[in-house]
Amino acid sequence: MKKSSIVIAGGGSTFTPGIVLMLLKHSDRFPIRQIKFYDNDAERQKKIAEACKILLAERAPEIAFSYTTDPEEAFTDVDFVMAHIRVGKYAMREKDEKIPMRHGVFGQETCGPGGIAYGMRSIGGVLEILDYMEKYSPKAWMLNYSNPAAIVAEATRRLRPDSRIINICDMPVGIEERMAEILKLPNGRKDMEVRYYGLNHFGWWCDIRDKQGHDLMPQIKAHVKEHGYVVNPNDKNVEASWQDTFAKAKDVYAVDPDTLPNTYLKYYLYPDYVFQHDNEHPDHTRANEVMEHREKHVFAAAKDIVDKGTAKDCAFEADDHASYIVDLAEAITTNQKARMLLIVENNGAIANFDPTAMVEIPCIVGANGYEKISIGKIPQFQKGLMEQQVSVEKLVVDAWINGSYQKLWQALTLSKTVPSASVAKAILDDLIEANKAYWPELH
Ligand SMILES: NC(=O)c1ccc[n+]([C@@H]2O[C@H](COP(=O)([O-])OP(=O)(O)OC[C@H]3O[C@@H](n4cnc5c(N)ncnc54)[C@H](O)[C@@H]3O)[C@@H](O)[C@H]2O)c1
Ligand SMILES: O=P(O)(O)OC[C@H]1O[C@H](O[C@H]2[C@H](O)[C@@H](O)[C@@H](O)O[C@@H]2CO)[C@H](O)[C@@H](O)[C@@H]1O
Ligand SMILES: [Mn+2]
């Protein structure tokens with residue numbers, strides 16, 4: 001079987017070790033000849049890369065490994081670019097989450113004003129690495145995790161319509177794993193076949209069946225009605241804020257019991273609850289939790305490997321976040337025709353929704369990319385919510401392309417998470433100040 005060459009863009013990411021371990025774990029179905037890391041922060045990347053260098057030398061010496069900040073070195077001779085950059089890093093995520101709070105609106109990484117600010121930073125960064133890929137490895141595929149995936153996907157649709165980029169998200173993967181646990185399915189989520197529709201971080205399951213075609217929705221709904229997506233309330237491996245999110249799915253589900261919701265809908269259906277909950281500790285948001293936990297844990301594990309000179313018994317862990325990107329790469333490499341949720345241009349897959357919208361729906365993935373599964377007409381409730389949200393995302397891309405203050409004010413004003421045009425303007429003016437080093441100049 002063909003051996004692939006991969007560059008991980010955002011090599012200094014806290015998720016990089018998990019992806020490397022997942023790649024090694026699945027090397028039988030997706031063999032690799034080369035792994036490279038690319039980042040624009042040499043110091044951050046070096047800490048992760050030097051640890052992964054030791055791990056790979058010990059566990060997979062046949063794989064060529066290198067890391068660089070030089071685009072030509074990074075993007076030459078690759079089959080896949082696995083992209084998970086965070087433009088502005090956690091310092092800017094913290095601002096995305098805290099600035100809206102000053103104005104009575106919740107702050108979040110990818111949703112509401114925080115997601116809009118993040119999108120205005122990410123578009124340039126993702127286009128830059130996509131252009132590097134097309135320059136140095138034009139036949140490669142970019143498998144993009146960089147967030148906010150909805151805005152990044154709309155920007156690449158508009159500005160790089162012919163690019164070989166597939167935008168993905170692992171939130172449905174994580175929720176489906178929980179559904180499978182609720183159902184006690186032996187092979188986890190892979191024992192399910194789902195129909196799902198929406199935008200990224202803004203979607204619903206409308207049909208879930210086992211491989212024999214039996215309807216699994218009633219049993220899952222009965223659980224979610226009582227417990228949300230919480231499986232074990234005492235699971236020490238789940239951070240408290242994530243446990244809250246899984247529990248809140250109960251109230252999100254109550255609004256439309258005909259479907260099962262993505263957890264992110266809580267931000268749009270209960271923005272008041274989220275703000276009140278987060279405003280109990282406005283100086284300590286999710287970004288602070290991630291810096292105190294995941295970032296500290298991953299970089300401490302990397303340092304431990306380098307200090308000891310071995311990755312034996314190291315604390316690096318693979319996670320489901322990584323398996324999805326491997327599934328996608330394998331499906332393309334082996335023309336597997338695997339059924340996967342992707343963020344793709346609608347073009348009629350959802351019959352009564354904007355054909356140019358980037359929607360998250362099941363696709364069949366093979367060597368030439370993907371084919372969309374037809375969803376048909378969606379209900380008025382979801383259609384109305386999605387039309388508002390997709391318009392926000394499109395206005396953000398308009399603002400980025402045209403350097404338009406007016407369009408970005410409209411995007412914030414239109415968001416279901418912002419109460420008025422005056423609050424939107426106050427948040428916008430603060431975000432402009434904080435993002436001077438990252439956003440295009442607005443006029
Ligand atoms: N799509 C999904 O479902 C999903 C799931 C998890 C994480 N993510 C995303 O993955 C990304 C990484 O997350 P993280 O928490 O590990 O972030 P992180 O800050 O730990 O790592 C991001 C890396 O990207 C680098 N970077 C920033 N701008 C860059 C640029 N212009 N070019 C090259 N490198 C650049 C940074 O230096 C950093 O090393 C984020 O965008 C996050 O939102 C997406
Ligand atoms: O607050 P964070 O940085 O921990 O998570 C934000 C991301 O959350 C989702 O990804 C989760 C995924 O759903 C879960 O199964 C597990 O793999 O961890 C991931 C990262 O926590 C979401 O899909 C991403 O877009 C967010 O960036
Ligand atoms: Mn996601």
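From the backbone N, Cα and C atoms, a Cβ is placed for every residue, glycine too.
Computed from a predicted structure; not experimentally measured.
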Hey, TrEMBL has substrate bound by Asn147, Arg286. Any idea which of Arg59, Arg93, Arg209 it lists too?
Arg93
Which range, 6-24, 424-442, does TrEMBL list as transmembrane segment?
6-24
How far apart, in Å, are the two Cα atoms that lie farthest from each other among Arg93, Asn147, Arg286, the residues recorded as binding substrate?
15
Are there residues at least 6 beyond the ends of the transmembrane segment (6-24) whose Cβ is under 8 Å from a Cβ of it, and what are they?
30, 32, 34-39, 41, 44-45, 47-49, 51-52, 55-56, 59-60, 67, 74-75, 78-86, 129, 145-146, 290, 294-295, 298-299, 301-302, 316-319, 321-323, 325-326, 329
In three-state DSSP terms, Glu109 (site 'Increases basicity of active site Tyr') is classed as coil
Among Glu109, Cys169, Asp170, Tyr264, Arg286, the most crowded of the recorded positions [Cβ within 10 Å]:
Cys169
